[in-house]
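This report refers to the structure that appears directly beneath it.
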Amino acid sequence: MRVDAIAKVTGRARYTDDYVMAGMCYAKYVRSPIAHGYAVSINDEQARSLPGVLAIFTWEDVPDIPFATAGHAWTLDENKRDTADRALLTRHVRHHGDAVAIVVARDELTAEKAAQLVSIEWQELPVITTPEAALAEDAAPIHNGGNLLKQSTMSTGNVQQTIDAADYQVQGHYQTPVIQHCHMESVTSLAWMEDDSRITIVSSTQIPHIVRRVVGQALDIPWSCVRVIKPFVGGGFGNKQDVLEEPMAAFLTSKLGGIPVKVSLSREECFLATRTRHAFTIDGQMGVNRDGTLKGYSLDVLSNTGAYASHGHSIASAGGNKVAYLYPRCAYAYSSKTCYTNLPSAGAMRGYGAPQVVFAVESMLDDAATALGIDPVEIRLRNAAREGDANPLTGKRIYSAGLPECLEKGRKIFEWEKRRAECQNQQGNLRRGVGVACFSYTSNTWPVGVEIAGARLLMNQDGTINVQSGATEIGQGADTVFSQMVAETVGVPVSDVRVISTQDTDVTPFDPGAFASRQSYVAAPALRSAALLLKEKIIAHAAVMLHQSAMNLTLIKGHIVLVERPEEPLMSLKDLAMDAFYHPERGGQLSAESSIKTTTNPPAFGCTFVDLTVDIALCKVTINRILNVHDSGHILNPLLAEGQVHGGMGMGIGWALFEEMIIDAKSGVVRNPNLLDYKMPTMPDLPQLESAFVEINEPQSAYGHKSLGEPPIIPVAAAIRNAVKMATGVAINTLPLTPKRLYEEFHLAGLI
């Protein structure tokens with residue numbers, strides 16, 4: 001059972017919005033109804049006269065300090081730092097919902113009403129919604145310096161020549177949508193001051209230590225003057241890997257004498273003013289020989305980062321790097337540009353660029369297989385990464401690669417050949433199809449980012465162990481896995497290990513946070529090191545108590561035993577702990593601490609199999625069966641792993657078939673910023689989600705494991721697209737596959 005399960009299901013778990021303090025005030029934004037322009041004048045007299053309003057701040061009142069919001073580890077290399085293009089408030093609004101002012105009042109309703117009473121005169125500017133328009137010669141600059149945020153190129157050599165020399169070439173133009181994370185818990189921050197020099201922030205964040213640094217930068221105060229507390233978090237999926245409302249909450253309390261101020265966003269504001277998934281436009285080419293050997297492929301990517309950089313070009317660049325592991329024995333070229341537009345800012349979201357890139361690669365490879373008459377599973381088996389291969393861009397060796405085994409296992413469980421045979425030569429309105437797609441991903445951000453984790457273990461008087469880790473539990477089950485790691489390494493029952501889930505930057509060891517599927521992989525070395533050190537101290541103390549050599553003793557199930565007679569307990573850990581605490585001379589509280597930097601980053605692999613039915617007349621896709629198979633190394637907790645995979649599959653189905661932020665191409669206004677009009681799949685829309693694992697030990701890992709948090713979403717959309725193509729003969733390269741899009745594509749193909 002998860003270590004946090006009881007607290008959550010009973011309601012005892014405290015989330016940020018559960019924190020209420022005496023004298024707490026509430027802040028609400030005044031936001032732009034236009035996507036691009038200037039606030040010419042502002043009239044807040046009516047709002048200020050409302051009883052209960054404490055203050056109103058505009059762009060003229062906030063520090064003139066641009067800051068970056070992306071949740072990346074800090075770097076000493078100035079050229080690698082995130083783009084600092086944000087201000088707390090702005091006169092130059094760059095997207096629908098940009099913030100120009102903020103109202104602080106004694107209660108939330110008064111703050112909302114006062115914000116609505118603020119009137120602004122606007123000067124509108126041309127609106128740009130696509131990267132193509134942003135790069136036009138006559139495009140209005142959204143930021144000083146132009147609309148091209150950054151571009152990069154990666155290549156293994158003369159890739160075009162290799163593609164042209166292959167027996168068969170395939171090209172494709174692919175488009176993916178802007179979507180929102182839709183985590184259950186909204187974005188909320190609460191800040192106050194307990195003395196004149198320090199600000200305390202409670203926030204729903206994936207990155208407490210990074211929040212501390214960014215707040216310091218945004219307000220130009222020492223980082224040590226900021227304390228960030230992360231309580232329970234109701235999901236993030238990358239949205240909370242940005243520093244969102246914490247700088248504003250800190251600014252407000254500093255201006256209002258240190259009183260507690262809460263900034264809480266509505267669901268509509270989460271759509272408009274937090275982060276989205278980058279929309280990609282991808283032009284791809286691929287060269288394949290008649291026997292199915294992939295000779296080379298190239299991708300040209302345009303990434304839409306919206307109004308502010310946030311994670312910016314990192315998304316497009318990372319997507320190209322992560323997919324390089326998938327089919328590493330071929331030529332590969334990847335070029336990408338990231339552009340500013342007048343859309344809500346895009347940032348990190350589960351998969352970090354990989355779902356978009358894999359959609360293009362796996363669609364092209366499937367089209368090549370169809371044209372060459374090759375089984376889609378066989379063409380992937382022929383080219384799949386194997387142990388001993390290397391990333392063609394970086395030369396990093398692959399020490400564990402279970403992709404072939406994933407395909408073989410999935411093919412057997414899914415009954416691929418039988419189902420595929422049943423889908424041949426179909427006529428009529430209802431048509432079945434099967435599809436498959438693969439992925440590769442990484443286990444952290446190294447070497448692009450510094451990967452560091454810290455852990456502190458302290459023994460209590462009853463022999464139980466408290467664990468403090470900088471790694472952030474945001475609902476993914478990290479604390480449960482950490483307790484297992486410590487329990488196994490020290491030699492105690494899992495029930496005797498308590499992970500302190502609330503991070504506090506004043507107390508908790510340093511760790512950048514929860515992102516990049518890094519938590520268990522990067523935290524494991526620090527936890528293991530601290531656990532081994534604590535075990536060594538325990539045995540050393542036991543040796544003194546028992547007049548034995550430490551070499552003769554070990555710790556099993558919370559008891560000191562002789563190595564040669566492990567079945568005979570000599571002493572309980574509780575008895576040892578009491579002696580260590582209270583003996584008049586020897587011992588002391590037994591504790592251990594470790595901080596370790598990780599310099600390895602193994603790839604994880606996997607695939608999705610899907611069986612679906614297309615109702616051509618209704619333009620509707622129904623998934624009959626879907627299976628994900630993953631190589632994530634040694635599976636530390638099968639139940640948690642299954643939950644991770646099911647969650648990712650559900651999100652992948654949403655991205656493939658349902659979800660899209662509808663943004664007016666002319667005005668930049670978001671038309672569906674709510675959960676009624678933004679169509680997420682609900683339980684009746686989802687089939688039974690199946691998962692399986694291929695456990696291959698990763699030798700670079702502390703416990704033989706690799707990433708699993710993000711990968712399950714990555715191949716789902718491509719597999720669904722490929723199954724729809726098999727069912728109908730129509731290759732649809734734009735997501736999502738909504739009834740409207742299916743109607744348009746089927747009409748063009750002459751099916752309706």
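Every residue gets a Cβ built from N, Cα and C, even glycine.
Small disclaimer: the values here were computed from a predicted structure and weren't measured.
Per Swiss-Prot, these features apply:
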BINDING   Q206, F237, R350, A516  Mo-molybdopterin binding site
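Positions of Swiss-Prot features highlighted on the structure.
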residue	record	contacts (Cβ under 8 Å, 6+ apart)
Q206	Mo-molybdopterin binding site	G71, V233, G236, G238, K240, Q241, T472, I474, G513, A514, F515
F237	Mo-molybdopterin binding site	H181, H183, M349, R350, M651
A516	Mo-molybdopterin binding site	Y352, T442, S443, N444, T445, G449, S707, E710
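Highlighted in sequence order, G236, G238, N239, Q241, A348, M349, Y352, A514, F515, S517, G709, E710 have their Cβ within 8 Å of the centre of the Cβ atoms of Q206, F237, R350, A516, the residues recorded for Mo-molybdopterin, and are not part of that set. Taking all protein chains in view, 25 other C-beta atoms sit within 10 angstroms of the C-beta of R350 (Mo-molybdopterin binding site). Across the residues annotated as binding Mo-molybdopterin (Q206, F237, R350, A516), the two Cα atoms farthest apart lie 13 Å from each other.
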